[in-house]
Every structure is written in structure tokens, then in C-alpha cells.
Amino acid sequence: MNIQEFKQKYNYDVATKMMQQYLDIKFAHLDCLLLFRMGDFYEMFYDDAILASNVLGIALTKRGKNGEEEIAMCGVPYHALEHYLTKLIEANYKVAICDQLETPEDAKNRGGYKAVVTRDVTRIITPGTIIEENLIASAEPNYLASLVIPQNKETASICYVDLSTSEIFVVNVPEAEILNELARLKPREILVSENLRSSNLADSIFKQLNFRITYQVDSCFAINKCKKIILDFYKMKDIKGIGEISSSQICVIGSILEYLSLTQKQNIPHLPIPRIINFHSYMTIDFSTRHNLAIVINSQGSSNGSLLNTINHTVTKQGGRLLYNFLSSPLTNIAKINHRLNITEFFYSNLEIVQRIRELLKKTSDIERCLTRITMNRSSGCDLLSIKYTLEAATIIKGVFFDAYGFNLPDFIEKIIKPLAGDAELYHLIDESIRADVPNNLNDGGIIKHEYHPKVAQLHDLINNRKLHIEKLKDQYRKETGIDSLKISHNNVIGLFIDITAKNVNKILDPKFIHRQTTVNNVRYTTTELQKLESELVNAKTLVISLEKALYADICSQVIKKAAYLRMLASSLSVLDVFCNFAYIADEYDYVKPELTDDLSFDIVKGRHPVVEKVLQRESKSFVYNDCHLSELKRIWLITGPNMAGKSTFLRQNAIIAIIAQIGSFVPAKSAKIGVVDKIFSRIGAADDLIKGQSTFMAEMLETSAILAQSTKNSLIILDEVGRGTSTYDGVSIAWSVLEYIHDKLKCRCLFATHYHELTVMNNFLPALQNYTIAIEESGKDILFLHNIISGAADRSYGIHVAALAGLPASVINRAEQILLKFEKTSTGKGKNILSTESNNLRLFNLEHNQTTIRSKLEEQFRTIDPDQLSPKAALELIYELKKLA
């Protein structure tokens, strides 16, 4: 919509000046909900009002007419803005905050009584650019991402920034891994070029990952423009100052900096030079696997019942975020993993220190986000106090280490706690200047201690002792004049005045007493001294707030100079919190230090599922542990057994153990030896993807296809019931061929659970495959699931027993047992069908032999063909011959 169409739609020419001002600002922010400050309210008009009233659950009213059209309106109190912003941001809306830049009095002085108060947008709030503590989750990052896919489409670039903590990163990602990387980052908002709007990728980001996409015009990603933005922002002369970065990385960094500048109205915190991330330095976990394993959120989108929720006993917000990042990005470098494990082991061996540190960490604050608010002029005195208390606690924490170890700490611990020495100068600055009972709002005053600045003390003295100052002056004038009845009074016409009776006029001899007014019985005077006192009393509140703001800004500027140190301190405290947390859960839940190797070992003794175990503990039940022994020679376990017996739990627990080990934590097992896993893939559960119009089976096949395409020799695959969404013969055939492919081509570690007992014969010709099943006890018709994984193969699934447990009518259960008995009698053996009896002699349909024969005949035929000598008729005949060979 162009400006002419916009003005015509909203009857601009007949609108009031105030409404014209609103429309001018709205046209410049058509992609936003515009909150327009009017006195004590933020108002919304027209379509914005209709939409916001529904989202916020507030009344929709009208504000007169614009021409013949009634103007829809709704509003929220300015002091409750954050409450309503939370709802709008959670609903994925972009919000422009339009503030009054002057008071109504200023407007009158500028342009008379008809002047409209000057207003403009001071900030645009989007899901990816929030910094307010009440609007964002404290225990996870709040990323804004920018994505560029170069024309060659081989490698994409992603830049991601957490504005609330002033962290920025850039990574190159293979095109096939874009969705996996975005699933790892879980950004609140993604910037992409307009030319991707109709792409399959954008569709997948929105529908599969449910992330907000903000489309930007293509020019926002132009390399020359982005390069200039970067150089200007970091005050550099050469782009090499960023490091060795690709053209697409320049584009994503530049585009994200420009977006921050536009939304924050140039008020961007200092961002460090982007940290270049190596995509291969952490484990790849695709979106489906993250969902299936409930790593950071459960299937309902909540953290309850997730792995993160189970092992997160951190005591600080920044520690919680670091643990979130650890879990989202397990390492793949053995040296780095072992470094983390050594730190965990140190704290596990010093649990008394851990207990003391955790108590002290509770006294620290989220100074990363405090510092960002300070640098963006959106802080309160509470942020400064948070820094002060954190500095104090940090110094004590360092003392705890010194008391226990003196100067004999391991180097890797010494490096972590080095920033804890504190900054005495900064601590004393805040301690001496900021009141302990500081209000949240700077406009309320009462931030600065009276003794910090003499003028502050003087003004507060005036405010708090108004009557005393007037009484003091009254006593002085009584002595000077000898008039004992002299009073100092006040009215709204002449303000403060000296009041004497008419008979005492002849005693007023000093010319400093200036006549103001005579009444029937009294005469009123003033003095320069009294006028000054009155002016000070009238202006004291305004003056003290103004002075306190200036002093506060100066103190903040001193804090900003220490930003680099404070960020190091925040990092140190978060690292301490995470590793003390690892030691705590290792002790609390009996976890063990894993051994990491560079082979295909996966040797878990008495492994447990941490989430399920915790749930059972609350119910006073015990978790049944299980072993898992995979190696290069025996790398596939084919697991059969009844439903509800624990197959899926076993699959998940081993994937989770690998993840926990590679973040540097001890693991829930008696012992664990794990060859580093580069990628984990899972195919568990069944659900129709109704949004995409995909059936359960299609969704399953797409996931399985992606797993087979992306896995490497060092990957860990867990598959549950592949092929169950179609007919039995189709399902068995697919499951069989998938197992063959994993065994022969990928040669990676795999746990494969199935109800297709026909597959259990595959160990006869797949040497790396072993059969395992779930132990049960049968007593007549009663069955007890023991949940133990044992060597061997199941010959039935006990599905009817599970159906009975689910409460199906007895008549249905009895009939099902009759039908099952008939099927078993007509089969070639209990629990087997024709596929399994024939499979000892051939790998399913002898595909490999047939394919080789066909291929050799086709190759021989192709060698005899000379394309340049073929006529159209001969070419057609040749096609028919080739078809016969196939």
C-alpha cells in the first residue's frame, strides 16, 4: 500500500492533527502493532485496536469518527505496559512503542494551545530483540537469527545474537543441516530474504519448527552494504578484523546489526566481535530427535519432564542458560569433553566446597542482563545493586577456594575463578552512591544516597523539612523586627508571604521587606530570602530527581567502563554454577564419570533413564537398569519384545547417556565407555503431520530417509518400529532393508526396536547384528514385564495382554485370543511367517545378487551403444530392450 492509498483509506485529510500524527507514524511501521502514548495510556486505533483487544482480552471502544468511519480504539495503562507486551510477544507480534517526547506544557510553549505533543517511535519490540527481564525466559537464551543461503547452496550462514546478554555468533552450516542447526539454536525470530518467502525451507521453518520468520528486502543482505555496516559498527577499517569469514557470513552479520539498529533506534549495547563457531565442534541432533528425547522441552512444549528439567539444579539464571546451551550443543572433541569432565570430577571430589559455593551463588544476580540494560539506558537502581551484591559474593567464593586449597588449585580451576577477585573500586562506588531501598522507577527519585552528593542532601533536606525551614526563617524575622506575632503563611495567589497586623507596620524598617498586599487587618510582605526558599521548595522535587538521574547516569558510565570485566565475572559464575550442578546431581543420583574414546565403543553397565528414574523415585519405585554393549564388530542391537516392556525407554536412555557424557557431566550408570558420537538420530513414536498433510507412514519414511542420508560411521541411530505404518509385508521389507543399509553402508552404532520377529533371523548373515529382547515372566495368562534387556529374540508381542491392561472389554479380548490362535496354527511355526523360514538361504529376496546381475547386463549393453549413430527409431527400440533387462 502506497502513501496515497493509505491516506485515502483512513480519510487522512479530514482527520484531526493528532490522528494525522498517528497515521504518519503508523504508515512508517505497517508491520507493527503501534502503541501510541497519550497521557497515562498507550492507545491503539483502527485494525490494531481490533487485533490487540482480542489478543489482550481488553475492551474495544471508539474514539469519535474519521469522516464517516468510526475509529476503533483500545488502550492499556503505561505502568502496566510490560504485562501486555508479554502477551503480544508470546503471540509473535512485532510492537512499535510510540512515546511522547515532550510534555503538554512544552507543546503549548512551543506552538500554542493547539500544538500537538511531539511523538515518535522510541523502540520496536520483536520476539528476538527483548531485553526486559519480565518478558523473556531467564533460563534459556533469547536468540535473534539471520539466515543466508548462497547461490551455490552448498553452505548456508547463520548469525545469531542474544541482545539481552550481548552475545553474538556466526556459523557456516551445510544446506542439509539448516533445520537441525535452527532446532539447536531455537531462535525466537529469524531474518531471511524476501526471495525465500515461497521456498520449502521457509515453509519448514514455520510449520515444522514453529519459529517466527521476519522477511527482509533482498538489499538488506547485499554484501557491500553489510560490509559497511560491520565496519561502521565496530569502527574498523578492514573486514579482516572480524576474522576469516565468508561472504555469506558478512551478509548475516551485517543484516542482523542493521535490524538491531532499526528496532532499537540506534541504542544498541556494545556487542563483541562475532564468535565464529565450527559446526562440526558439537553433536548434530535433529529436530525430531530433540523432540523424541525431550532434551530441553517435552512433547507439549513445556520443560516439565524434560532432560533439562531433570538435571537442572543450577542456582543462578545465567548458570541455567549455560546448562541449556550445553545440553543443546554436546561437544564432539574428546579433549574438550575430558576437560569438562575433569572440572566435574574436581567438584565431585569436593562436595563440601560445592555446598558452600552453591549457597553463595544464590546471592549473585544475572549481571549479564543487568549490564545490557545499563548499556541501553533501560536499567534501574536495582541493576546496580545486583552488580554490587554479585561482586561481594564473588570475592567470598574465591576465598572459599583459597581457604581449602591455598595456592595449590589445579590450573583449570584457577582459570575459572580468576575473575572472582572482584573490583573494589566499582563495589565501593555503588555501595556509597545507591540506596539499598532503591525504587524501580528512576522518575520516583530516592535512588542516590543523601551523603553521596551535598546538593542531593540539601534538596532532600528541603523536601523532608519544609515546615522546619519556614519556622526557622519566621523565628529569624521575629527577632529582627521584634514582632512576636509575625507569621509566614501561604496562599495560591501570592505563595509564601510574611503576615503582620496593621498596628505593627511601623516596626518594619528594613528595606529587605518588600510590600506585597494590604488587607483590612493585615499587611503582607516578602523578602528575597523568602522568595528563594519558596522557589527551592517548589522545585526541590523536580531538581532532586533531575540531579539523581544525572548522577545515576554518571555511575552507569563508570559501570560500563568495567563491562568487559563484568562479563568475564558473569561467565565465571555461570561456569561454576553448571559444574557444581554436575557434581551435585552426580552425588544425588549416583552418576559415574564416563570414559570417552575415538572408536565405536558404547559400553554402558547398569544404565538408567534419568527422567524416568526421577519420576519413579517420586512414586517410591526403583528403575530397572540395563546394559548396552556396542562395538565396531557388534554395533547393532535388534530388540524385540512386548509393548510396555521398556524398549522405547531403553532406546532413549542410551541416546541420553551419550548426550550427558558429551556435555561434560557424569552419567546415570555404573560405568560407561563411549566412543564420541558426532550425530544422534531417532525415529520413535507415530503421529500424523496434519499441518503438512502427511500420514503417519509418510512422516516416518521422511524421518527415516533423512537419518539414512545424514548419518556417518560415528553416529548413533535409535529406531523404533520402522515400517509399522503400512501392511505387514511392506513393513517387514522396509525394516529389513533399512537394517541392511545401516549394517553394510553406514556401519554405525544402532539400536533397532521392532515387533517384526521375522527380522531376528538377520543375525545369521549380518555379523554386526545381535538379537536382544525384554525379559518377561508368564504364569498362565498372567504376564509380568521385568524390563530387563537380555540376549535373544521374542517370538510374540503380547499385544492382547496390553490391550487387556488398557481395559478393553473382556469379550473383545477373548475374541482376539481365538483369532490369534487360528493365525498361529496356520503359520509355518509359532510367531513366524514365510519370510522368516526362507530367509536363512537368502537376504530378503536375494536383492544384492539380483541387483548385481541386472547391473552387469545393463553395463554390458550400454558399452555397445554409440549415441551419435542411433536413429530415433533405433533409440526407441533400445529403450524397450533395456526395460526387459531391468
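Cβ coordinates are placed from backbone N, Cα and C, and glycine is handled just like the others.
Secondary structure at Met644 (ATP binding site), taken from DSSP and collapsed to helix, strand or coil, is coil. Remark: Met644 (ATP binding site) has Phe785, Val802, Leu805 as non-local neighbours, by Cβ distance under 8 Å and separation of at least 6 in sequence. The feature ATP binding site is assigned by Swiss-Prot to Gly641, Pro642, Asn643, Met644, Ala645, Gly646, Lys647, Ser648, with sequence analysis given as support.
Within 8 A of the CB centroid of the ATP site residues Gly641, Pro642, Asn643, Met644, Ala645, Gly646, Lys647, Ser648, the other residues of that chain are Ile774, Phe785. For Lys647 (ATP binding site), the same-chain residues lying six or more positions away in sequence with a CB closer than 8 A to its CB are Ile639, Gly641, Asp720, Ala753, Ile774. Counting every protein chain shown, the number of other Cβ atoms lying within 10 Å of the Cβ of Gly646 (ATP binding site) is 24.
Proximity of Ala645 (ATP binding site) to non-local residues of its own chain (separation of 6 or more, Cβ distance below 8 Å) is seen for Ile774, Ile776, Phe785, His787, Tyr798, given in sequence order.
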